[in-house]
Amino acid sequence: MGEEKNPGTEERPKWDNKVQYLLTCIGFAVGIGNLWRFPYLCQIYGGGAFLIPYLIALVFQGLPLLYLELAIGQRLRMGSIGVWKNISPMLGGVGIASMVVSFLVSMFYNTIIAWVLWYFFNSFQNPLPWSQCPLNANQTGYSSECEKSTSVNYFWYRETLNITEDIGISGSLQWWMVICLATAWCVIYICFIKGIDSMGKAVYVTATFPYLVLTIFLIRALTLPGATDGLVYLFTPDWEILKKPQVWLDAATQIFFSLSVAFGGLIAFSSYNAERNDCERDALVVGITNSATSLYGSIPIFSILGFKARTNFNTCLEQNILTLTNHFDIAERNMTVENYDQWFDYLNVTHPGDIASLPLRVCDLQNFLDQSASGTGLAFIVFTEAVLEMPGSQVWAVLFFVMLLSLGLSSMFGNVEGVLTPLQELKLVPKWLPHEVLTAIVCLVSFLIGLIFTLGSGNYWVEVFNAYVGSVPLLIIAFCEMVGVAYIYGMKTFSEDIYFMTGRRPNIYWKACWMVISPLMLLVVFVAYVALQAGTYPTYPAWNPNYENFPQTETKEYPKWVFGIIVALVVVPILSIPVVAVYNLIRCGMKKSNANVSGPNPYSNEAFEIETQERNTQSI
Amino acid sequence: MWSSCVRTRSMLSPTTLCVCNEKTALSFLKIWFMLQYEWNRNQRFLFQAAIAFAMSHHLDLEFNVSNILVCDETPRVSFWFVVTSPDDPSRLVGKESVELAVRASRSRINNILLLNDATLEFIGVLPTLAAPVKPATPSWLIVFGVVIGIIGAGIVFLLVSTVVQKKRYVDDDEEAQMKRMAGNEGICNTSFSECDRNTQM
């Protein structure tokens, strides 16, 4: 033997240690969505009561899927394309679908990271740029768009996005966004430059830093006035709401998208593991950590939102107090926030006409607490406004955006891995092209296509991608994965594989989930999701300063051509599944007919079918 | 001479002669304070001095504290004030010039009284909006420059080190491997190495 191996070219890369692998998987699963989607869902779906459908979905859908992906990746030791081709040539399309979805998602996800970078760059100023309105053209007053909405809204919609009023109006490339996007892709590139060697080192920081910042925020937030209002509001269970089916659907979709399954990234990560590794425990660790992080993160988020509501409420009251004090010439400091109600009632009785004529605002704490937001609205509008009220705003702003950056980066690693590994397995890439150059090409192409999101209408496009690419195709891919492994690969073979890897066979819970419960849940979620979407023509909220109800967003319908693009985004990724299946069916049929003609094949002894198959596919 | 009453808001102590009232004012300017300190005669004196300063500064005439008359104070700390001409105490200075004087020295008056535009209002006199300070280079570009510089340096360093490593490996290939073979053969026969994953059956 003594075959001289050239280390680094033929050998499959390996994790330095188990911790790196776990941190990478946790980092991939824990993303920005854990912070800006879960607390919002918790709030609108009856607080503590939402945890019930959430945990049920985790146990019966999330964990089995996670375990499945980690197990097949580790056993078959290939990325998503190789794995599914291995299980059955007809399922080869599943891997391609994963790759396409990963590619599309990584493009718009990095735009979000570019936005976070922009805010991060802008947090090093005093005062923070979103705290003041700029003056209008002739310096007589503040810009009208800013005055009607708030300075925070203005900074997000005008100075960051420079958003147009309609998705059809593309506007021009915003140069500051372009360089932020370029920076984001450079960061990704530098972390991926040596494959998982460099990425594995980067996750030590990107996966752990968010927890540190969340803890700091937790301590800070709990000491802010009004924190308890927010927490009570978040966790007060409203059991009635569990009767609505929408809650269960949202819980299931939240778990599914939160765990980042069906992207192919998890399969790739676990394929770099040692063969005998306890992937069951890994799956449990990753899944439970992901949910625990969501819960843990929602506490500081909602404390801060409660603080913001309380501050707005106090400001509202103080404005009213000023108006009343000026009008009635009451002594200074006689009317305060605490005795405002008594004063108001007294004045209403004695001078009702005057009270009616004054421009008093209605101040309702519940109203302010209800002003919840999710997604970019939470991070870039609500939270930035809250940060302005906290002493030492710059520090908190910087910390918050670095945390978002870490969360986003660690998720991007999984997305990009879900593109790079299958690309190499597709054998489209010539052997002489070094890994670094391939990574650079992928980053460059993604950056160039991602320039769409830096146009004036970029935010609308991100919403389109977010809602349609990152949803239906993933559900279909996950369903095919589960059915493929449970029925086509065979539960028996799979159990044997797991026995080989972990030393014990999967128990009845896992088997029941893989074979029946999870595919059923996925099917129900998929059907319900499509039914809900198909019911109404899709609309989007547009920021239109000329709208009569400005600063409320105007609900517009997508134009026909955008609708066509949406359909394409949903259909194209999953198109590969039936196409490859049909292609292989035809080829199989032709081969069979050929084999019958030529008799037994002297080169293929079916007795050793499994091992020859493995060897062939291993020597890529 | 038409009178000009500039109404302010502050807390009160007994007034002296009141020259103005609402009937004589053409339009009234109110002023109110949100005070951190107690309003008394001395504070009122300081206020009068500040207005005298503003008037002197604006009109280039010498105004005295006695030229500023405060009247009609309310517990809200709100009152009217009138400025009399230094040459002729019975003559009042026009409201427009008082307004202009106040506007010109507004920040100075604020600082003297330890107040700001939110806590001291001359009703009818809008504060001039301070244009936000715009540094020559937006500060975000500086941070961006630092970050992209570090990343660029990192990328270049990693790429160069990879290229150098590959070159060194190719150069040393023959010699080093021969040395390793010679040294290892007596110790480990790689033919039966269990860790060789490419072992063919």
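Backbone N, Cα and C atoms are what each Cβ position is placed from, and that goes for glycine too.
Automated prediction, rather than curation, is the source of TrEMBL annotations.
According to TrEMBL, the transmembrane segment annotation covers A:21-38 (among others).
Look at TrEMBL and you will find A:G27, A:A29, A:V30, A:N34, A:S258, A:N290, A:L407, A:S411 tagged as Na(+) binding site. Using a 10 Å Cβ-Cβ cutoff, A:N34 (Na(+) binding site) registers 24 neighbours.
Through the fold, the transmembrane segment (A:44-68) approaches residues 233-242, 247-248, 250-252, 254-256, 258-259, 261-262, 266, 279-280, 283-284, 286-287, 291, 295, 372, 478, 481-482, 485, 510, 513-514, 517-518, 521-522, 525 of its own chain, all at least 6 residues removed from its boundaries and within a Cβ separation under 8 Å. Among the features that TrEMBL reports, transmembrane segment is placed at A:44-68 (among others).
Within its own chain, the transmembrane segment (A:89-121) has Cβ neighbours under 8 Å at 32, 79-83, 160, 176-177, 180-181, 183-185, 187-188, 262-265, 267, 376, 379-380, 384, 397-398, 401-402, 404-405, 408-409, 411-412, 415-416, 418-419, 422-423, 425, 446, 449-450, 453-454, 458, 461-462, 465-466, 469-470, 473-474, 476-477, 480-481, 484, 488, 569, 572-581, 584-585, 588, counting only residues six or more beyond its boundaries. Summarising the annotation, TrEMBL assigns transmembrane segment to A:89-121 (among others).
Residues 110-111, 113-115, 117-118, 121, 160-162, 198-199, 202, 409, 412-413, 416, 420, 439-440, 443-444, 446-447, 450-451, 453-456, 458 of the same chain lie 6+ residues outside the transmembrane segment (A:173-192) yet bring a C-beta within less than 8 angstroms of a C-beta in it. Among the features that TrEMBL reports, transmembrane segment is placed at A:173-192 (among others).
According to TrEMBL, the transmembrane segment annotation covers A:204-227 (among others).
Here TrEMBL flags A:247-272 (among others) as transmembrane segment.
TrEMBL lists A:284-305 (among others) with the feature transmembrane segment.
Sequence-remote contacts of a segment are chain residues at least 6 beyond its ends whose Cβ falls under 8 Å from one of its Cβ atoms, and for the transmembrane segment (A:395-416) they are 24, 27-28, 30-32, 34-35, 102, 105-106, 109-110, 112-113, 116-117, 119-120, 123-124, 128, 187-188, 191-192, 199, 202-203, 205-207, 209-210, 213-214, 216-217, 220, 260, 263, 265-266, 269, 379, 383-384, 387, 442-443. Summarising the annotation, TrEMBL assigns transmembrane segment to A:395-416 (among others).
Here TrEMBL flags A:437-462 (among others) as transmembrane segment.
According to TrEMBL, the transmembrane segment annotation covers A:468-489 (among others). Below 8 angstroms of C-beta separation, residues 64-65, 68-69, 72, 84, 87-88, 90-91, 94, 97-98, 101, 104-105, 108, 253, 256-257, 261-263, 514-515, 518-519, 522-523, 525-526, 529-530, 533, 566, 569-570, 573-574, 577 of the same chain, each at least six residues beyond the ends of the transmembrane segment (A:468-489), sit close to that stretch.
Long-range contacts of the transmembrane segment (A:509-532) within the same chain, counting only residues at least 6 positions beyond its ends with a Cβ under 8 Å from a Cβ of the stretch, are 57, 60-61, 63-65, 67-68, 245, 249, 252-253, 256, 280, 471-472, 475-476, 478-479, 482-483, 485-487, 491, 494-495. Here TrEMBL flags A:509-532 (among others) as transmembrane segment.
TrEMBL lists A:561-586 (among others) with the feature transmembrane segment. Remote same-chain partners of the transmembrane segment (A:561-586), defined as residues 6 or more beyond its termini with a Cβ less than 8 Å from a stretch Cβ, comprise 89-94, 96-97, 100-101, 104, 167-168, 464-465, 468-469, 472-473, 476-477, 480, 538.
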Beyond the site residues A:G27, A:A29, A:V30, A:N34, A:S258, A:N290, A:L407, A:S411: chain residues whose C-beta lies within 8 Å of the centroid, for Na(+):
A:I26, A:F28, A:G31, A:G33, A:S260, A:T293, A:S410
Enter the number of other CB atoms within 10 angstroms of the CB of A:L407 (Na(+) binding site).
28
Does the transmembrane segment (A:284-305) come close to the transmembrane segment (A:204-227), meaning at least 3 CB pairs under 8 Å for residues 6 or more apart?
yes
Among A:21-38, A:284-305, A:437-462, which stretch has the most Cβ pairs under 8 Å to the transmembrane segment (A:247-272)?
A:21-38
Using Cβ atoms and a strict cutoff of less than 8 Å, what residues sit near the transmembrane segment (A:21-38) while being 6 or more residues removed from its termini?
15, 70, 112, 196, 199-200, 203-204, 206-208, 210, 254, 257-260, 265-266, 269-270, 272-273, 282, 285-287, 289-290, 293-295, 297-298, 301, 374-376, 378-379, 404, 407-408, 410-411, 413-414
Under a criterion of Cβ-Cβ distance under 8 Å and sequence separation of at least 6, what residues of the same chain contact A:A29 (Na(+) binding site)?
A:S258, A:L259, A:S260, A:V286, A:G287, A:T289, A:N290
On the three-state reduction of DSSP, what should I expect for A:V30 (Na(+) binding site)?
coil
